[in-house]
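Chemist: Pulled these features from TrEMBL for this protein:
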type     : residues                   : note
BINDING  : A:236, A:268, A:387, A:391 : Na(+) binding site
TRANSMEM : A:25-46                    : transmembrane segment
TRANSMEM : A:67-87                    : transmembrane segment
TRANSMEM : A:153-175                  : transmembrane segment
TRANSMEM : A:187-213                  : transmembrane segment
TRANSMEM : A:225-250                  : transmembrane segment
TRANSMEM : A:262-283                  : transmembrane segment
TRANSMEM : A:378-400                  : transmembrane segment
TRANSMEM : A:421-442                  : transmembrane segment
TRANSMEM : A:448-471                  : transmembrane segment
TRANSMEM : A:492-511                  : transmembrane segment
TRANSMEM : A:539-564                  : transmembrane segment
């Protein structure tokens, strides 16, 4: 989507875990489309075909391709488990904003007053009211990761509610989940259409659209844009989570998965582009609004300082009048100079908001300036909620399926109890993210729990199918299933292009990490009213390492265990014989 | 006679000029933004508006302190600019050539801010007394925060849904148990034919088309255990 933002992707039937991120990058379309053709479609076809052919969930399917790959399925489940732990917090925040949208004026539209009512709260003065609402009134964020603070009861309540909603939807198993997914997948489209009409008619929306469609050469050369596009595609299509394989295993063996894959990726990308048109038009509106406010502030400042007549300074003649004033009153102008900001529309469009804040801060800021902001706010956060719940359903389904299918747990307890226990455990763990430093832990999980592991899982999948299982064997299987062999495009993508791309992404990640030395995060500084960069403390780095290792190590560990088991069996047999 | 009168007038004028000038003691700067407030309905700032201003200040002083005998002529305006901004002082008619202390003026204006604003169709932001801060009105807060009410409603709905689903699930489970015991009694009388192939029912076999033939026993059991 917008650069590295993996949020608000109304999926086409397959539950995918979209995660909100940062850096709205204009001209993202080119990397996105290229990555879709090079990675998204081939890998989607691959996973659907594997699921349809093996007719089992991800753990069983990879075991059938090669017994050494049983770890791949387990890794997918571990990643889904981490994801479900932290992802529902986004839904909790969406609930919070949704409940607060029923007020006039919206609580993030104005700053609260300070204690003696002579002005606004200090922290709110230094930053904007929407940022203050997010950082102080929603998160009550602490200045650093070490200062944990206490659990915020309001957020804890919203988190509990979010988990109750998820439990309600998965209570009856995959059958009921399927029906709910219809609702959660289609409602966002309606809201998007409403927003498209509203967004395109906003003042300044065109600026945002121009920004989105003009390619920027410097950004195209920056590898981060390509990495973001690739991870974006992975997340929105749901590659590597095992849910695609699980869903495909329920299909008819003769289902045309090639057509299915192409259609799904096209629908997915059309929806992404559609959603990003809406986003960028609203973004352009916000940027134009801020730019014009900035200009008005400068005009007011100059009018008051030099006692000029009202209306003599306008946006058009501002620059020439500034020169004139600088020439006629050099001393006073020099005194004022630090306060006169250079307002630039480009700078406004380029402002990046880090982390999940993008979805909440940027949109709430844009919404507060519209007419009837309550309506648009309710619609937007309801849509966000639908998307979030949809992804949570996919995640929890990925965890519950192996649990309910296993003989140890699945046969003994009814599925209501299993789902209840899973939801309860995740809710309790999720309380960590409602503490004052919770958002920093959330960012840790968001950045590291899934990204690297997914890349590795998908890489192993591609290499396994192409080189271990054999691409000729796979071709023959596809021929038996859908009646024709895959053409050269698919084969080249599977065998060479996709693995190479993923390996290069890995290399970029590693070089980036090595170059910056240590890992850093953005902390909110209340005294300055902005984000500052800090280093992660030791235990946080340990948690990051654990997160990445827990899922990636499953693959080699699984292979090792199978190897040991085979050796033991062979020894047993040879001693017997 | 004429000369004496001229002398007195000039003294008074000089005295007034002394009293009212930018940054004088007890003087306040006022900044008015009529066009921002009223747009097309903006009126021009002329001598009549200045007269009204003086009258409002005098009114405020009188209302603040019942002993006050401030006249319109006691309020002096000076340095009117195009912005529209000017300085004003309030002279004390009882004591010659002195100004009323700034704190008194400030308190009087604060008390009557609303009346002064509405006389000019302006607000605290568009009629600014630069040294006098205005008390901002607090937002209206209902007794229970609105969000808790909405939260409570949604929570009740969700919990009701969960309870309904669980209860209906338990009921269905009990009904199925009863039916299956009935069916077991029935099955003892009727033979149910299940197609078997090599000891395994057919449904298990056809799903692993091609490479793995379920008819043959699985890999682990190839060697008979000892």
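Using N, Cα and C of the backbone, Cβ positions are placed for all residues, glycine too.
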Chemist: What stretch of A:67-87, A:225-250, A:262-283, A:492-511 shows the most Cβ pairs under 8 Å to the transmembrane segment (A:187-213)?
Modeler: A:262-283
Chemist: Quick one: do the transmembrane segment (A:492-511) and the transmembrane segment (A:421-442) have at least 3 Cβ pairs under 8 Å, skipping pairs fewer than 6 apart in sequence?
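Modeler: No, these stretches are not in contact.
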Chemist: If I count Cβ-Cβ pairs under 8 A between the transmembrane segment (A:153-175) and each of A:25-46, A:67-87, A:378-400, A:421-442, which range comes out on top?
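Modeler: Top-ranked stretch among A:25-46, A:67-87, A:378-400, A:421-442: A:421-442.
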Chemist: Which bits of the chain, at least 6 residues beyond where the transmembrane segment (A:448-471) starts or stops, bring a Cβ under 8 A of a Cβ in it?
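Modeler: Contacts with the transmembrane segment (A:448-471): 17, 19, 43, 46-47, 50, 62, 65-66, 69, 72, 75-76, 78-79, 82-83, 86, 231, 234-235, 239-241, 491, 494-495, 498-499, 502-503, 505-506, 509, 544, 547-548, 551-552, 555.
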Chemist: Tally every other Cβ atom lying within 10 Å of the Cβ atom of residue A:391 (Na(+) binding site).
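Modeler: Result for residue A:391 (Na(+) binding site): 26 other Cβ atoms within 10 Å.
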Chemist: Does the chain bring the transmembrane segment (A:421-442) near the transmembrane segment (A:262-283), so that three or more CB pairs sit under 8 Å (pairs 6 or more apart in sequence)?
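Modeler: No; fewer than 3 Cβ pairs under 8 Å.
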Chemist: For the transmembrane segment (A:262-283), which stretch among A:25-46, A:67-87, A:225-250, A:378-400 has the most Cβ pairs under 8 A?
Modeler: A:25-46
Chemist: Suppose we draw a 10 Å sphere around the Cβ of residue A:268 (Na(+) binding site). How many other Cβ atoms does it contain, all chains included?
Modeler: 25
Chemist: Going through A:225-250, A:378-400, A:539-564 one by one, which has the most CB pairs that fall under 8 Å from the transmembrane segment (A:67-87)?
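Modeler: Highest pair count goes to A:539-564.
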